[in-house]
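K.L.:
Feature list, courtesy of TrEMBL:
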DOMAIN    46-314  domain 'THH1/TOM1/TOM3'
TRANSMEM  60-85  transmembrane segment
TRANSMEM  97-116  transmembrane segment
TRANSMEM  136-155  transmembrane segment
TRANSMEM  167-187  transmembrane segment
TRANSMEM  199-218  transmembrane segment
TRANSMEM  239-261  transmembrane segment
TRANSMEM  281-298  transmembrane segment
Amino acid sequence: MYKILRHNLKRFPCGLLLLSLVQMVRVKGFVLTEKLLFKDGRIMFDWWDEIDESKEWQRFIFHLLSASYAVVSIVALVQLCRIQLRVSEYGWTTQKVFHLMNFIVNGLRAVLFGFYKSVFLVKSKALEMVLLDLPGLLFFSTYTLLVLFWAEIYHQARSLPINKLRPAYYSINGFIYFAQACLWISVRLSQSNLAVELSRLFISVISFCAALGFMIYGGRLFFMLRRFPIESRGRQRKLFEVGFVTGICCTCCLIRCIVSTLSANMNAGLDVLDHPILNLIYYMFVEILPSALVLFILRKLPPKRVSEQYHPIR
């Protein structure tokens, strides 16, 4: 991605004067020399290459990602414990499962980025893809659980049957994991770039479908709440929750869809050791920040009394 940007910037004509900007930036004991040179119609970002080639910066960035995922994982675990103490008699509810899966997904990412050298330098391409793609699939299952919950609320409010929604959720997720496993096996057996590109395109497709699900049921629930005749503080809070969570999840899913598609077409994956900056930007905007924001928005504990919208998973 960066190489294409730099290649396009080379086409600009040079100015009348030679501009040279040298800036020394010290962060956590690391020295970053930033140079922007306009000469012979070329523009060079030496600081980007310097970070990509620096072992110290690689270690700092990947450990920063690991720590960020660990913080989100701990927050999800603490919230799960609070919910369990509040409504322990109800078993595994949708809210509890959502926080448990957040804890697992972010904890797994924290471990993978903590041992980034072992993961990125693994000899088997198929095993590397399993380690890097499995948390993404679990992330999909975690947040489509919100789509399922909203779909059940919408169908109940419209007096529509809900008995097929949960089996559909399980069937879709089962098919996705089965198809992805077949792609991993194909990568292991064929050792070709085609199987790798198909796997990336598959991630792109399911990310787009997840965004579509959020837009459909999040949008329906949002407009249904807006048309609700009774003005109340609870209604405004639910409007805020549904609207912001829908926007956040749609955005992160669409970003993952676009990046996965570009990565497949350009044959330049993000998950490589030589691109720590791209990894930092990508995972911050696709998983870490969305997870943190959603957990913050949905931080309210359930009521102690029995609620029709708060029921165990059957």
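The count begins at 1 with the first shown residue.
Note: Cβ is positioned from N, Cα and C throughout, glycine not excepted.
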K.L.:
The transmembrane segment (136-155): which same-chain residues, six or more beyond its ends, come within Cβ distance under 8 Å?
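P.N.:
For the transmembrane segment (136-155), the sequence-distant neighbours (Cβ-Cβ under 8 Å, at least 6 residues beyond its ends) are 94, 97-98, 101-102, 104-105, 108, 161-162, 165-166, 169, 172-173, 176-177, 180, 203, 206-207, 210, 213-214, 217-218, 220-221, 224, 242, 245, 249, 253, 256, 287, 294, 309.
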K.L.:
What parts of the chain pack near the transmembrane segment (281-298), using Cβ distances under 8 Å and only residues at least 6 beyond its ends?
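P.N.:
Result: 65, 68-69, 72, 75-76, 79, 95, 98-99, 102, 105-106, 109, 139, 143, 240-241, 244-245, 248-249, 251-252, 255-256, 259, 270.
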K.L.:
Residues of the same chain, at least six outside the transmembrane segment (199-218), with any C-beta under 8 angstroms of its C-beta?
P.N.:
129, 133, 136-137, 140, 143-144, 146-147, 150-151, 154, 176, 179-180, 183-184, 187, 242-243, 245-246, 249-250, 253-254, 256-258, 260-261, 263-264, 269
K.L.:
Average the per-residue pLDDT over the domain 'THH1/TOM1/TOM3' (46-314) and send me the rounded value.
P.N.:
87
